[in-house]
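Working notes, structure below.
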Amino acid sequence: MKLFRSQRNLYISGFSLFFWLVLRRLVTLITQLAKELSNKGVLKSQAENTNEAARKFMQENEKLKRVLKRYGKEEEHILEAENKKLLEDQEKLKTELKKTSDALSKAQNDVMTLKMQSERLSKEYDRLLKEHSKLQDRSGKDKKGL
């Protein structure tokens, strides 16, 4: 009788330890997923803001081109300098937009990876739980046979 109780307690404590480890990993993955989702939102808004700024600069550049056509050659040099500056700003914004777009796609890939890991972990947990219950059933049958 003592042997049965001690084996039962051993199975229970082993399963409790295993269950605790699985839950701890699951909580860690869920936390990482939440962080990645928040980062995704921040990066998306940053990319939208960069797009809007680039559009504004392009519109301003177009206005300056129209103004340049109206004015004579005297002011052309000043406007060319401003136009060059705006073109440089536009290039900087384009590179920044590319960087943020890359970061956004990376964050989306990370989120997808974490989701897949979480699903795999759930499947593995279900498989181990079934295996554990089978072992419990076998050990119960073995004890009844003794």
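Heads up, residue numbers simply count up from 1 along the chain you see.
Just so it is clear, glycine is given a Cβ too, placed from its N, Cα and C backbone atoms.
All annotation found in TrEMBL is predicted automatically rather than curated by experts.
Taken from TrEMBL, the feature domain 'BAP29/BAP31 transmembrane' applies to 1-37. The feature domain 'Bap31/Bap29 cytoplasmic coiled-coil' is assigned by TrEMBL to 91-145. As annotated by TrEMBL, region 'Disordered' applies to 125-146.
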For the domain 'Bap31/Bap29 cytoplasmic coiled-coil' (91-145), the number of residues DSSP places in helix, strand and coil: 55 helix, 0 strand, 0 coil
Residue counts (helix, strand, coil, in that order) that DSSP gives for the domain 'BAP29/BAP31 transmembrane' (1-37): 36 helix, 0 strand, 1 coil
